[in-house]
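A.B. asks: Take this structure first; my questions come after.
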Amino acid sequence: MTDHLLLPAAGVGRRFGHDRPKQYCTLADRTLMEWTLDLWLNVRLDGRRLLILAQSDSQGRDIARSYSNLDVAVGGEERADSVLAGLEALNAQEQDWVLVHDIARPCVRVEDIERLLDHCHRTGRGGLLATPVSDTIKRRDGDAVSTIDRRQLWSALTPQCFRFGELKQALASALSAGVTITDEASAMERAGFPVDLVEGARDNLKLTRPEDRALIEFYLMQQGRLEQR
Ligand SMILES: Nc1ccn([C@@H]2O[C@H](COP(=O)(O)OP(=O)(O)OP(=O)(O)O)[C@@H](O)[C@H]2O)c(=O)n1
Ligand SMILES: C[C@](O)(CO)[C@H](O)COP(=O)(O)O
């Protein structure tokens, strides 16, 4: 079996509110995209690496050209459409493993990625990096507010790692059924495939809102990847 990597990077970053997609916001001297691509250079994978870009994204194509062993595919309307497009472009063997990682998560730790991959290789079961919820969680239903027991609640991170054939089938089935899919695991759960959680570090933050930027810079400094200011 071979291990491949898909990097969804075809979003527009609406919640970040920038004049350009958030994957092109700069942290020190590099774009968010480059911080994440650089991190993955430290992960040994024997398969293909695919950066999934918006159709008209010339900046991403320019960046991709400066990385060896990085191919480009065109994404779709939603993240799940982009991942499915990436799987179709990958055209791997059914039993190959596919890691899917948000380009917007530059602080993921190599050791966490390796632990997830090792879990999948050892058990033959797919899974995802996740972190236990630490806040008290509320549900609001109209004017009614209630508290949800958080002892079984986890925040899903990426990468998420599943077998190529099963993931492609599960994602295609969910999308054709019109189901809203925000991560690969939810499509696999729906299809009845096993999904395991592998605890990952909480600093694997996704750049989503403007206030996340300073925290990601801090985490990059904490990890020794960005010079302390
Ligand atoms: N059609 C899409 C939408 C999102 N993504 C990617 O999926 C990852 C996680 O999605 P999210 O954080 O939601 O990014 P955006 O969709 O860009 O953000 P927003 O929802 O605020 O527009 C990002 O790396 C994003 O580039 C993608 O490849 N294709
Ligand atoms: C896949 C993901 O990172 C898991 O938490 C997340 O769902 C992607 O962000 P989105 O805002 O849901 O597209």
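Residue numbering: from 1, along the chain as shown.
Backbone N, Cα and C atoms are what each Cβ position is placed from, and that goes for glycine too.
Keep in mind that TrEMBL annotations are predicted by a computer and have not been checked by a curator.
Taken from TrEMBL, the feature site 'Transition state stabilizer' applies to Arg15, Lys22. Summarising the annotation, TrEMBL assigns site 'Positions MEP for the nucleophilic attack' to Arg150, Lys206.
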A.B. asks: Would you mind reading off the Cα separation of Arg150 (site 'Positions MEP for the nucleophilic attack') from Lys206 (site 'Positions MEP for the nucleophilic attack'), to the nearest angstrom?
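C.D. replies: Spelling it out, the Cα of Arg150 (site 'Positions MEP for the nucleophilic attack') and the Cα of Lys206 (site 'Positions MEP for the nucleophilic attack') are 21 Å apart.
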A.B. asks: Under 8 Å Cβ-Cβ from Lys206 (site 'Positions MEP for the nucleophilic attack'), six or more apart in the same chain: what's there?
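C.D. replies: Residues satisfying the criterion: Asp102, Ala104, Arg105, Leu157, Thr158, Asp212.
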A.B. asks: Could you check which of the recorded sites Lys22, Arg150, Lys206 have their CB within less than 6 A of ligand 2?
C.D. replies: Lys206
A.B. asks: Between the recorded sites Lys22, Arg150, where is the Cβ count within 10 Å the lowest?
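C.D. replies: Comparing Cβ neighbour counts within 10 Å for the recorded sites Lys22, Arg150 gives Arg150.
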A.B. asks: Using Cβ atoms only, which residues of the same chain lie under 8 Å from Arg15 (site 'Transition state stabilizer') while being at least 6 residues apart in sequence?
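C.D. replies: For Arg15 (site 'Transition state stabilizer'), the qualifying residues are Thr208, Arg209.
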